[in-house]
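Here's the structure we're looking at; comments come further down.
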Amino acid sequence: MNPAFAQPMMRPNLPLRRPATGPSSLSPRGPAPAIYEERLLASDVLDGPKIDTMRKDISQNCGDVLSSPQTAVSMMGQVVKLCNYCSHQGNLRCTRCKKTCYCSVACQTQDWIAHRHVCKPSIPEVTSEKPKESKAVPYANGLGGTQAKEISVDAQPKRIYRRDLHKKVVSKGSEIKGTVIDLRNPGMFSIHCQCEEMIESLKKITQQLQKTYCSSFAQEYKPEVGELCAVKFSLDQNWYRAEIQAVDVARKTAGVFYIDFGNEENVALDHIRPLSENIDAVPPFALQCCIAGVKPLTGSWTGECCIAVRQLIAGKSLTFTVLDIMNDGDLLAVDSLVSTLGKHVSTFLIDQSYAIKEDVPVKTQTEHSISSLLTASFENFKRFSGGKNENSEARPPEPLTQGVGDSFTAVVTHLQSPSEILCQKLENASIIQQLQMNLRVHCSNTAASDDFRPAPGTVCCSLFSEDNQWYRAKVLAYSSEDRVCVGYIDFGNSEEVELNRLRPISKELLALATQAIPCSLAGIKSLTDTWSDEAVLMLKHLVCNRFIRVEILGKKDGRALVSMIDESSDPQASVTELLVNMGFAAIESVETKKNEPDPATSTEIPLSQPVVEKLEWTGAELPFDGQKVELVISTLKSLDEFYCYNYSKTDEHTLTEMSFELMKHCESERAPFTPIVGEPCCALFTGDARWYRAMVLEVCGEGKARVCFVDYGNSCEVDAAHLKAITQSLLKLPFQAIRCWLAGVEPVEGQWKKEAMLRFQALCAGQPLSGKVLSITEKGYGMELESAGQTVASVLISEHLAKPYGQVRQPPQIQPAKPASQIEDLPSLKPIDQNPSVEEPLKVSSKGAATTPEDLPVSSGCFPLNWKTLELSCSGTFQPRVAAVISPSLFYIMNPGQVNVEGLKAVMTDVAKYCSKQPVPNQCHPLPGASCCAQFSGDKNWYRAVVLEVTTKHAHVIYSDYGNMETVPLSSILPITKELLQHPFQIVRCALTGKEHFPVVWPTEVLELFGIQLSGGVLASFQGFDGTSNLLTLTQQSGQSDRDINSIILGALQKGQIKPSSKLPANVNEEKKDVEQKQTQPISSNKAVEQTLSTNVEKPALDDQTLPLSVSLKHEEPENMSKTKTAEECTSTPDTVSSIESSHAAQSCCCQELKQKMDRIEELVLLLVKQVGSR
């Protein structure tokens, strides 16, 4: 083991340090005592004798200030620090926050449990350039002397930027007489104004900087890019104002620009200080300028040009005329008359062919240079090509087809810069290996021939100089008569080889597509005109010789704009983010890249006349105030990208009329059209041969373009002949397709599976949805969708097709691939917060169960929350038999209709077969509201059930076909299969009407009131079915008149206080008192009542164990339902624990025990408020 990483043999002490206000914290005048003080304050070990010794040392070194230790004590006698734990005098303090004091390690250890939540690292002290006047403290000897107490600043220094400085007023057309002090090129140079006021101001601020920072000592400061700091110049070691341009944290250096002198350099971080607020905020003295009206001929200023201009104007006093003000006043476009030449600088640049006027297009290279290179290469090729094999039939193979959004693992094969990367798919490694073997065999059987002279642009086999292996290569040019420049099309690199190292290639070897994928990192750009060598080296270190996850975000100039992530790193980070954070690149919008037209391919599409008017358009929007809207999904690409439209009859009618006008416009439009990326147009959809509004996404080759139909969201590639220009009148209606993504979920395995897509499509496609906006990002609207009363995200989570966003996936506790006999038992005790949440239900594999032809189809079991309940069909009022009460949003009644006895008997038989073949039950933790199989304690048989509550060891269930409840151990719970849920439960899930006004968490008083109301005679009226629950209106029968329970509950919610009814029967009042006495229990009162009946619990409606299903007939006779009576007795006492009323609400809590404690605290607070209010 490396001793540098060896663990210490002794456990380190908690962070304690001596307080700065103690007797030994006075900062001495000499340098040596400061060192001793720092060691003392940083000490983590409490040693009494050692501290005393150090006190003596400090006293001796501070002899010029303190006459004796007693003097120091008397001086600081006014400051007393108390231990944060025991309140005794504490002379030690936490080294982390440097604020909390303690008297010993023992007290600090006891207080650490609470203190760690507020203990934050202290901010390094910054020495102020102007110390505050300190209060004079008399000496103990009474001589009248004073001792100033130094005040240290713990506050974070304020960062200062250019915007915080005063603006220099320079008007357009004004003349400035100045001297050029620094010149990089004609597009960037600095001048100093020649005036006495500027010279005096510059001298003054320079003196302020030297006075503030020359003698200061501070810790290393980490500036931000764009911040103004005080920087020590390397040549004269003086301090000047500078702007931070880049920060290299690894090398502890930063690139700075001296704003008062115009030059720049790289300095160490310890030579940088935060700029004090006391430094005058005068504008930069160096005015940044550029020569107006010109730009470089070849796209960048050449070295020859810079030298000529430097000799012409550098260090000379000239009169500059301000022709334009750019970059919010930070850059002045100027020109000056050079007296020695008799012409302006701009004219000189144009005359010397260094620059051209701004309105002339720039060419990256002159036509003469390009022509010379092509001519030389062609002459070298044709010189000895007469009658030889030019390999003209071997054309380059097609490139690999990649689409935006594709993601794959790749290996970088060649890299020149972040804008020029070539990589190979890792999944094609075996194909490439086989290709290399075929090339080796082919070339070994093909002899070299003097007759073979391939033409530029053709493909052949080339022997690579480094490993002497054969590869497919494209002939780029002839550098001489017998040497050729080739590019290896499967790897991206190129080299110059001799002609005798080339071989002709067969058609079979050209069948495979080009394996090198040209890429560029999306979203970043170089800090200068070109990428620096340091940036390229860092990128090679990050991506070369390792597996990289590549995702295609767009396309530009024939390259894929990608993001790259090294999945082997910990933590995983984007290469783009790393380059930006390390100061090697700047952020650039990806959308800008996508919207730029490809000049190489746009010319292949017929040109149209330039558009005279500037088109303007808008897109449909969704409210972001929590309002639910009706949506219809029109295009589904994935759960992270789908398009929908806000369903409105008015907009639908308008869209129909606009489509008719669009059709007439396209039939009459005859002018050719040139597609431009990011511009709208009319496109013909080949699916139905109709015209629609579209947006150009990409200009492809062969006269085609890729468009997105803006009212529906789908995209396709169309011919240029099927594109028409659009008019402004057809753009008045906002684009109807709204890009959305499903919020709150993410893929289980990193990518969305096909099953999740199909399930999402089944829930949402082609039907109205209820949606609410949760967030807005660059991906569109993050939506919460409801389909048929179900939250789509909750359904996907409960079916194990998605997981909550940001949740760390726990390893499965039961391996599905193992036989049932090999499943290990879970521990007998398991904290509730380790249970699988509603998003990840447990699944049990049943592959190990023996099957016979008459057995059920075996499928994996789970604890589904979205089990389907019966939909009532009652036309009038009826008297419900309440089985269990959770809240007004969720309660269960027995099926008031006829029971299908034969179907129920078959289900019971299937349940018995399924459960008998399961392994020894594990202590699974289903969530409240989930369906399951439960073993009845009366006869040890298995029945279908619904979980009401769960603790660490037990579950409170209701038997879904009989209505009685009991508490069973978790070992008596098994998952249930989808086949066993086909037959509907005999308990019916219900809710009061008006659910949209109900809260997520119900007040305890309202739950108590609702339980009391249901304890008497109740009549119900069916109002509808929302896809999840039957909506009922309940009426309480009370002698003279009926009372609407729905109105009572809504009124109680609105008033916020509960007034008990004076007409309640006496037994109800007693039950209410009994409820108040039982509020201290951590479980519901329903459960408490059932525990009193646990000794006399009957099995689920079974009178004879030999006939397990015969008692099902008792559902037809209400008077014989003893279990219903038990249920009614239980429901007369309401739940004191707020149950989760939907699967979506359950996702927000992962610890039931903590939730119960919080509910209990809320009850006590409400009780206290009521008592105070009554007084």
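Glycine residues also receive a Cβ, built from the backbone N, Cα and C atoms like all the rest.
In Swiss-Prot, the feature zinc finger is placed on 83-119, out of the ranges 83-119, 231-267, 934-970. According to Swiss-Prot, the feature region 'Disordered' maps to residues 827-852, out of the candidate ranges 125-150, 593-618, 827-852. Record note: among 1-32, 161-192, 545-576, 1-32 is the stretch given as region 'Disordered' by Swiss-Prot. With a cut-off of 8 Å between CB atoms and residues at least 6 apart in sequence, the same chain places N84, C94, T100, Q108 near H115 (Zn(2+) 2 binding site), listed in sequence order.
In terms of local Cβ density within 10 Å, C94 ranks first among the binding-site residues C94, C97. Close to C119 (Zn(2+) 2 binding site) in the fold, though at least 6 residues off in sequence, lie C94, R96, C97, T100, each with a CB less than 8 Å from its CB.
For the recorded site, C94 (Zn(2+) 2 binding site), the DSSP three-state label reads strand.
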